[in-house]
Each structure stands twice: as C-alpha cells, then as structure tokens.
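Single-structure report; data block below.
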Amino acid sequence: MTKENICIVFGGKSAEHEVSILTAQNVLNAIDKDKYHVDIIYITNDGDWRKQNNITAEIISTDELHLENGEALEISQLLKESSSGQPYDAVFPLLHGPNGEDGTIQGLFEVLDVPYVGNGVLSAASSMDKLVMKQLFEHRGLPQLPYISFLRSEYEKYEHNILKLVNDKLNYPVFVKPANLGSSVGISKCNNEAELKEGIKEAFQFDRKLVIEQGVNAREIEVAVLGNDYPEATWPGEVVKDVAFYDYKSKYKDGKVQLQIPADLDEDVQLTLRNMALEAFKATDCSGLVRADFFVTEDNQIYINETNAMPGFTAFSMYPKLWENMGLSYPELITKLIELAKERHQDKQKNKYKID
C-alpha cells in the first residue's frame, strides 16, 4: 500500500510553545504509520522552521522534538514536497495561540495551496479573538455572560473610567483574559479591584486587547465537534477541578483536574449543549474540529464560554477523550481529521479563479 504523505507542524512563536510540542508528541505516537509517511516541522521560539523527515519511532520525550540544531530553511521549500519526493497529501498544524491557530499560518497554507487539518483563515482568526468570537455568538443568539473589552492604549489613557465601568457593569469575581491566547495563559480570577488591576497588568503582557468576563458559579462542560459542512457533536464531558479555576498550571502541569465523560446531566440539557456546540461551529464558519466550552448552572442555565479551534491532544485533553467515548479511537480520529482536510481542499478546487 502506498503511504500518504503528511507533515506535522508544531512549536511556534507563542507562549503556548511547550503545549504545542506536547500535543505533537501525542499525535506522532498515535498516527497510523502504516498508512502515513510522516515528516515534521518544528518552529522555534525565534520563528525558525526546522524539518526532520520520516518519523517512524515512538517519541519518548518532548526533548526529542526540540530541533534546535537543524538548518533553518525557507518555508516554501519545506512544504514543497515530502521526503518521499511527492507532494504532501495534508499538513497537520498543531500550533496553539498567536501565529498558529489565529489564521496566520492557515493563510500561508492557503497561499501555498496545500491541504491542511483544521479551521480556515476566518474561523481560526475569529475563534482566537475572544471579542470577535463573542460578537459572532451574540449575532447567532447564543447566551453568554456579561463582559467588557478594551485595548492596552485605552487603559493607559482611561484607567479610572475603565475600572469604574468594570465595577458598574460586572460583579466580582471576574475573569481577566488576553483576547488572543489560549490554554488559560495570562488569565486571572479577580475578587476585588486590587486583584483586578494586577490581573489587567498580567494579561497585557500577552496581548494588546483584553476581555473581562463576569464570573459564575457553574460547572464547566465541553463538547467536541468534528466535520466540515455537516458536522457532528459528541455527548458533553465535564471538567472537574481541584483548583480555584482551570488555569494553565492545572491544565498541563499539576494534573489537578479530572474529566468526567459523559457529564452527569439531564438528557435534555445534553441535547441542548450538543445543538449549541453545532451552532457555535457554524457561527464562526468552522471546519475540521472545534471544542465548544460552556457553563451550566445549578438550575441548568447554559452559557457558552468559547470555542477552541485547535484543542490540544495531550494526555489531559478532553477533545480526543470525548470522541473515544463515541467509539472513535485516537488514531481513527487523526485519520478522520486528515480525510476532512483533503475533502475541504478538494471542494476548494471547484472554485474558479479566472473569468472566461
């Protein structure tokens, strides 16, 4: 059987660099190497692209994926053809955060006309920017908690007015978030104005735009969505925390979370969550994969929190576990995502690019 040629891209110039490497390790160890000839491209923290060809062995440690000593090559040269001498059947970007899941690298793949796994430029960019995402959810009629957003330059000029707006519109606790970052990097839970000021200072280290959201006493529920024009959603899972909130450290370092799959919810609530996840997928014109995150209160009020256009595939990750619960194994999920990438690229070839 002739193998298909796949290139996995990971690392990136982002605060989520190490998360991306951990995700790549998981995918490389799960992908069907009898079916796929796999090359990898590691993007350093400085933005250099380094390639290693024909990965066949198990990746024991993420240290093996820090290709710091390889030759930095031109991007177009790296993606022109695989180490087998044939064009890539698909590129699998496992990049998190800015410069990875925000539409930038998706635009590069579009220009180079290579099939790639996951969301396109528009859906990746709008899912990364929490303010734009919330505005699209609002247009779709999806219920959300109150929030405000502002820029670093606005805060530098109008700090007093912005703090007053937060205190007038929202009730503590509030969550301060960089608008364009994931994996809970830079997020703070604030119980008073002093903590709010510190949270704003922390978040502005990572982005020029912030979103401050109303806190709520609720369960954190997640739904995985898979597909292109006709997506499917899983039954919901729940994040059970042994911490104040689900931050970067608890997600990836401490392991102080448990995933309950499926979530213990009434069937009508589960169905509503699945339908809302599909609506969120459509609201941002997604393709491939999305994880939709919700809050569910004690009286079963549902609020959408966000969509994640490139959910992680680490040992703690909800997305693959939700599909395993639906009968789709991790290797099968990876194969399905590659097939969806090829399907979308084939559909794109139906477009005309010149007028007769």
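Glycine is no exception: its Cβ is also placed from the backbone N, Cα and C atoms.
The domain 'ATP-grasp' annotation in Swiss-Prot covers 134-339 and is backed by sequence analysis. If you average pLDDT over the domain 'ATP-grasp' (134-339) in this model, you get 91.
For 167-222, the entry in Swiss-Prot reads ATP binding site, with the evidence type sequence analysis. Cβ environment of Lys209 (ATP binding site): Asp129, Leu131, Ser149, Phe150, Leu151, Arg152, Pro178, Ala179, Asn180 lie under 8 Å away, each six or more residues apart in the same chain.
For Asp293 (Mg(2+) 1 binding site), other Cβ atoms within 10 Å of its Cβ number 20. Residues annotated as Mg(2+) 1 binding site in Swiss-Prot: Asp293, Glu306.
Taking the Cβ of Glu306 (Mg(2+) 1 binding site) as centre and 10 Å as the limit, one finds 21 other Cβ atoms among all the protein chains shown. In this structure, Glu306 (Mg(2+) 1 binding site) is part of a beta strand by DSSP. Here Swiss-Prot flags Glu306, Asn308 as Mg(2+) 2 binding site.
Asn308 (Mg(2+) 2 binding site) and Asn167 (ATP binding site) have their C-alpha atoms 29 Å apart, to the nearest angstrom. Cα of Ser188 (ATP binding site) to Cα of Glu306 (Mg(2+) 1 binding site): a span of 16 Å. Counting only the Cα atoms, the space from Glu195 (ATP binding site) to Glu306 (Mg(2+) 1 binding site) is about 24 angstrom. Ranked by how many other Cβ atoms sit within 10 Å of their Cβ, the binding-site residues Asn167, Ser188, Asn308 place Asn167 at the bottom.
With respect to Cβ neighbours within 10 Å, the binding-site residues Val174, Leu181, Val216 differ, and Val216 shows the lowest count. In the three-state DSSP scheme, Glu202 (ATP binding site) falls into the helix class. Between Glu306 (Mg(2+) 1 binding site) and Glu202 (ATP binding site), the C-alpha separation comes to 21 Å.
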